[in-house]
Amino acid sequence: MASLEKEGLVEESRSSISQESACISDLGNLDSAEASKSSNIFSVFLEPIQWIQMLSSQLNPTFIIGIVIVYGLNLGFSGSFFKVVTDYYWKDVQKVQPSVVQLYIGLYYIPWIMKPVWGLLTDVFPIRGYRRRPYFVLAGVLGGVSALMVALIGNLPAALALSCFIGIAAGMAIADVTIDACIATNSIEVRSLAPDMQSLCGFCSSAGALIGYSTSGFFVHHLGAQGALILMAIPPVFITVLGFVIYEMRSPCLHPEKQKKMGTLGVAVKGMYQTIKFPQVWKPSLYMYLSLALSISTHEGQFYWYTDPKAGPGFSQESVGAIYAIGAMASMVGVLIYHKTLKDIPFRNLLFFAQLLYGASGMLDLIFILRWNLVLGIPDYFFVITEECISRIISRIRWIPMIVLSTRLCPLGIEGTFFALLMCIDSLGSLTSKWGGGMVLHVFVTRTDFTNLWLVILIRNILRIATLGLIFLVPKADPSDALIPQDILMTHSTVTSDDEGLELVPKNDRSPELLLNL
């Protein structure tokens, strides 16, 4: 009897122990689940930092800092801030007519059209043995002095103010060409990271644009248009400092003789000519030009309609600025979408669907112009923000692979010059788009008559969709594949046979295979 009681007590103790252990196990599972949830939350914030650390370890940290400064401060912030503040400067300070302002703004593009010239200087004419660092310093000094002059000198003549603005634009363009040459070099040497570099560029420029658009109205209101321009001198200071800290190997031979420099210049020009003749190069270059040129710009007609209280919704200046800022945020979303899900898709497939969505999204403008959004019960402000976000996301997804493709077409040795040439082709495409759109607007739209604006939008959308017929010009290759022959890279790398290039990463892969699957 006693033995049975003992056995019962033992069983009870065992069951209680098992229950306690089960409870402890459940608590452990709950703790681990909570820990995993918290780790997932932290990983969302840590992942961008880890990504930047990965790029810094694979490339050079000063190169990553250079992208942030040039694309974030120089192109993103300065570009958006410059666009808004200069409009108020010409209107309120100089009191210039709108048609004259249009002419002045067109002159801002001269330094950007000259990008191949800046590229040739950085590739062929090193200063004290450096091909990149001195041009960062030059860009920073030129942009900073120009901004300070127009901001601090009162009653500045219009011609001198215009020269200062062109100087600011020239500083931005030179810095852009110089960092693009560094990006092209690294894209050739570390092909697998080319999409990541362009994702970082796109994110930095979008973040900078968001800050610029969001703050421009505030500073113009409190400092005035001229006083706000003093902030344009801050990014050039960082660019000047970048010229002293970015890593670049100094050439052991400086080639001081003028004859040798002119010979090197001739080799670079000849290399550009030989490279552009290859079908692997001129076909995608032609597509990039035509895809931009055929998408005629209707921005001015839509802007006049947006701000017209009788014919259109009559948006205020604050509303327009807020729309731009929200669009900049949407651009960052587009960069993230590309980086997370699209960066490994072949060029032709991605650009086909991006162009198709680009044409389809243009129909939202048509719905807005015809006021069908009000029939559907959608307020104007909500609809235009939705349209702006969709348009910016698709534009980013369409733009980044074309930039990645451009870096894949650059031969080593003249990569800065050739990439600048491709970007000049893109600028000409954008200029053709604006001129073509202006001609169509001149025929159908006036400052007060927007009756046929819907027809202009429809023509633009048809041309966007028609561009799909040119998609055969884009190669089927992946972003990590080589697109130009091996002998071009080897031949052109001898242009700077004494390693004047910006060695940011080890030369671990300089023999890419030729792809002919166009």
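Numbers here mean position along the shown chain, with the first residue as 1.
Every residue, even glycine, has its Cβ placed from backbone N, Cα and C.
Predicted, not measured: the structure shown is a model, and the values here were computed from it.
The following features are taken from TrEMBL:
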TRANSMEM  63-82  transmembrane segment
TRANSMEM  102-122  transmembrane segment
TRANSMEM  134-153  transmembrane segment
TRANSMEM  159-179  transmembrane segment
TRANSMEM  200-221  transmembrane segment
TRANSMEM  227-247  transmembrane segment
TRANSMEM  286-307  transmembrane segment
TRANSMEM  319-338  transmembrane segment
TRANSMEM  350-369  transmembrane segment
TRANSMEM  412-433  transmembrane segment
TRANSMEM  453-474  transmembrane segment
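Through the fold, the transmembrane segment (319-338) approaches residues 80, 84, 195, 199, 202-203, 205-207, 209-210, 213-214, 216-217, 303, 306-307, 381, 384-385, 388-397, 400-401 of its own chain, all at least 6 residues removed from its boundaries and within a Cβ separation under 8 Å. Counted as Cβ pairs under 8 Å, contacts with the transmembrane segment (159-179) are highest for 134-153 among 63-82, 102-122, 134-153, 200-221. Among 102-122, 134-153, 200-221, 200-221 has the largest number of CB pairs under 8 A with the transmembrane segment (63-82). Using a cut-off of 8 Å between Cβ atoms, the transmembrane segment (200-221) and the transmembrane segment (227-247) share at least three residue pairs, counting only pairs 6 or more apart in sequence. A Cβ distance under 8 Å defines the sequence-distant neighbours of the transmembrane segment (102-122), meaning residues of its chain 6+ beyond its ends; these are 86, 90, 96, 131-132, 135, 162, 165-166, 169-170, 172-174, 176-178, 181, 265, 268-269, 416-421, 423-424, 427-428, 431.
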